Structure formats: C-alpha cells, structure tokens
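Peer 1: I am attaching a structure below and will ask some questions about it afterwards.
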Ligand SMILES: O=C(O)C1=C[C@@H](OP(=O)(O)O)[C@@H](O)[C@H](O)C1
Ligand SMILES: C=C(OP(=O)(O)O)C(=O)O
C-alpha cells in the first residue's frame, strides 16, 4: 500500500497570525553543544522535527542524558565529552546532524559508525571528512565518503582551513573538532555563512575570535577557536525559523486578498536573504516588533497579497543567506512578471534532493517556464497564476513538498505532492498551520 499524498487547492484569502516553529539549525546545535558541555543545558522552543529528534537520539548514543520536559522544552545533561556509541548512529534525513556530529566526535578517542536514510546516504561527506582527516581523524567507508562510514577520532592536531564551498555545516564540523584539537583551529570563509555555531559556542563559554579581512573589494572571514576551551551547560531559547516562516509568508503574497503574519522570526542577516529578495521584487512584506532574544534579533513579519511583483536578478553572493529558500522563492517568482535569475546556487544540487532539478521539474509540470543551468535556474513569470494541476514528485525532500503545496493554494488548479510525511523533518504541523490560515490542504 502506498501512503497518501497531500493536495492543495486554490481557494479564498489566507488570513491570520501564526508562530514560526523553532529554528532547525539552532535546535541541532543546542543538542550537540549541550551534550559536549559539562552540566545541564535547558532548551525552550526546540524544533521537534524528525531531523532534530535524530540529533537528540544520537546525543544519547554518545552518552548524554537527553529528556523532553514539555512541548519544545528539553534538558540535556552533558559529561564534557562524547563516549563511544555501542551501535550505529542513524541521522535519518539530516545533513546538519551527521556533519556536525562527525566533527564533534572526531575530537574523542572513539570509533563510531554513521548512517542515514537513502537521501542522506547519497549526499557528500568528503567535504567534512577531508578537514577532519587533515586534523588526524581516520575513516573507512564507501566511495567518495558516502554514508555509511566509520570514523575514528582522538589526538587531533590544529588546522587552518579555507572552506572550498560556502557551507556552515563544514565550518561547524571543523570548529567542533577544534574544541579538542591541539593548537585550536581557524576556519577561513570566503563567503560568510550562518554563524549559529560561533554564537552558541560563545554562549557555552568558549572564546571564538571572528575577524573580517578586506581583500580588495571582497571580505574574507577568519574564525579562530583557540585551544583549551571548556563548554559549560547553559539555557538556549530557540528563535523562530526563517526558512519555515518562508512558506506561510510566500502563500500570503500570492493568494489573492491574503494577509498573513508570522511572529518570532529570527532576523540574523546570514539567514534573511529571501525576505530581502522578495522586497526587491516589490512584495508587501513588513517587519515589526524587532527585539532581541538569546543573542539573536527576532521580529514579526507580515505578508500581504502582492499582485505586482517583478522578476529580479538574485545576487549570487546572497546565496548562503537563503540557500534553503530558493525553491519557495521560485514559487513567488512564478507569480511575478518577468525573469527571476538565480545563479551561483550549485550547492542546491547536493541537498536532500537535487533541488535545482526538482524545482524546475515541479514548476514545469505546473505550466511555468523554467530554464535550468548547471549552477542555477531562471523562472519566467507572466504575472498570472500558473496552471498548476500536477502531481509533483518530491524525492522525499521536505522543502520541495512544501513549496509546491504553496503553489497549489494560488494556482488555477490543485497541486499534489507525494511523501507528505517527510515535511515533518523540518516543519511538523505545516499542513495544520496552513489550514488554520484558511488553506485547503487535504490527503490525496
Ligand atoms: O548549518 C546548518 O544548520 C545548515 C547549513 C546549510 O547547509 P550547508 O552547510 O551544506 O550549506 C543548510 O542548507 C542546512 O539546511 C542547515
Ligand atoms: C538542507 C537542509 O537540511 P540538512 O542539510 O540538515 O539535511 C534543509 O533543511 O533544507
């Protein structure tokens, strides 16, 4: 028997105020740093999505006590280090989970075998294994460092590592390994990526030195973690996830008559590239009540129906600040007039799916003119609602699923997706939230 899909049908205006679910990146890190630290870490607002729950389970297998105390409220008792797991560590669908945990584990004299679901087993791990091997870790696995693989850590040397691609996961893996490397580590970022690991390491008591150095008109970020850091448990309040808020907000922009507010959205400028881009397209997107929470700015974002959006060229250097948001940007672009050109996003091809290929295929199936390039794509909108009326294959990718369901709320005919269960990796409660705003989403 195959599981039912999910179908979204165009209907009336979306209206209401909702709260963004907890940020996935920060939720993963709160579990991992809590387990590495000595003492108690308490977390509120944790995203209880499948990806983060996989990290919680992994932290138990490395010896931490991890308990849920209420909705979004968790307690982690860390022992100041990782113990050797007695079984395979399964990180499910979560790239952030496995890459950060491999980095953290490499600092200890232990042997751990990692695996994941079929999507994660197809994703490149060499990008993390290369710097870890240069620090002295060893690993054994199949070709090109695909999972499953076994990592042996301990006795690490320091490293100065220039990131070959803009990846916060690789940066974080090196920094976490660096906690137990002789001489500390330095990561050099030609393009700044989300800085949640650096911020949270500081909140746990570590010294992290960040320096932006000008090279001509380009700024290169140097992040240094000196040797001998001790992490101490703390309290983490997780802000709302801008990558999840993107879905109800884009729905508000494209469904006629809508007004949707998402409260408590993190506004870290290394995450808000989508909102900047939508405003450049002419979207009626306003940010209010900006405040600080646990070292991050948060605000309430309101999206009002915006029938006159225009296509734009998205600057490639903005990609790290919105890398997970291109599929939903492409949906907004399909309702705008003119070309939206998205380049410098080759990293999209190595996410949960090849997101350039699947976004292009899904939009084309819904009657949208899309041109795929090796490292980007162009969406040509007509200013009219696209035809819709397709069953979109998601290859188990939560963001591809949610993006096309949002399209279906404003297209001329319903859109269905397969594998709706995967949405819970990052946004459990997505369908209920959209229904609460007035969206017609039903099993199909
Ligand atoms: O560090 C993180 O929490 C993440 C970094 C990004 O991946 P890359 O580091 O591969 O760019 C992003 O796509 C992912 O959803 C979460
Ligand atoms: C790419 C993503 O996550 P991860 O790399 O953690 O699987 C995502 O959530 O869009």
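Numbers here mean position along the shown chain, with the first residue as 1.
Each Cβ is built from the backbone N, Cα and C atoms, and glycine gets one as well.
A TrEMBL annotation is a machine prediction, not a hand-curated record.
TrEMBL lists these features:
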| type | residues | note |
| --- | --- | --- |
| REGION | 1-20 | region 'Disordered' |
| DOMAIN | 10-433 | domain 'Enolpyruvate transferase' |
| BINDING | 24, 25, 29, 167, 169, 324, 351 | 3-phosphoshikimate binding site |
| BINDING | 24, 95, 123, 169, 355, 399 | phosphoenolpyruvate binding site |
| ACT_SITE | 324 | active site, proton acceptor |
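Help me picture these features in the structure, burial and contacts included.
Peer 2: Here the region 'Disordered' (1-20) has long-range neighbours at 240-242, 244-245, 248, 251-252, 255-266, 305, 385, 388, 391, 401, 405-421, 423, 431, 433-434, 436-444, meaning same-chain residues at least 6 beyond its ends whose C-beta is under 8 angstroms from one of its own.
Classification of residue 351 (3-phosphoshikimate binding site) by DSSP places it in coil, neither helical nor stranded. Taking a C-beta cut-off of under 8 Å and a sequence gap of six or more, residue 351 (3-phosphoshikimate binding site) has these contacts in its own chain: 95, 123, 324, 397, 399.
DSSP assigns residue 169 (3-phosphoshikimate binding site) to a helix in the three-state reduction.
The Cβ of residue 324 (3-phosphoshikimate binding site) has 23 other Cβ atoms within 10 Å, all protein chains considered.
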Peer 1: To the nearest whole angstrom, what is the C-alpha distance linking residue 29 (3-phosphoshikimate binding site) and residue 355 (phosphoenolpyruvate binding site)?
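Peer 2: Each residue's Cα considered, residue 29 (3-phosphoshikimate binding site) and residue 355 (phosphoenolpyruvate binding site) end up 24 Å apart.
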Peer 1: If you count other CB atoms within 10 A of each CB, which of 25, 169 wins among these binding-site residues?
Peer 2: 25
Peer 1: Calculate the distance in Å between the alpha carbons (Cα) of residue 167 (3-phosphoshikimate binding site) and residue 355 (phosphoenolpyruvate binding site), and round it to a whole number.
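Peer 2: Cα-Cα, rounded: 16 Å.
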Peer 1: If I take every residue in the domain 'Enolpyruvate transferase' (10-433) and average their pLDDT values, what number comes out?
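Peer 2: The average pLDDT of the model in the domain 'Enolpyruvate transferase' (10-433) works out to 97.
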Peer 1: Please go through the binding-site residues 25, 29, 324, 351, 355, 399 one by one and keep those whose C-beta falls under 6 A from any atom of ligand 2; give the result in sequence order.
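Peer 2: Cβ under 6 Å from ligand 2: 324, 351, 399.
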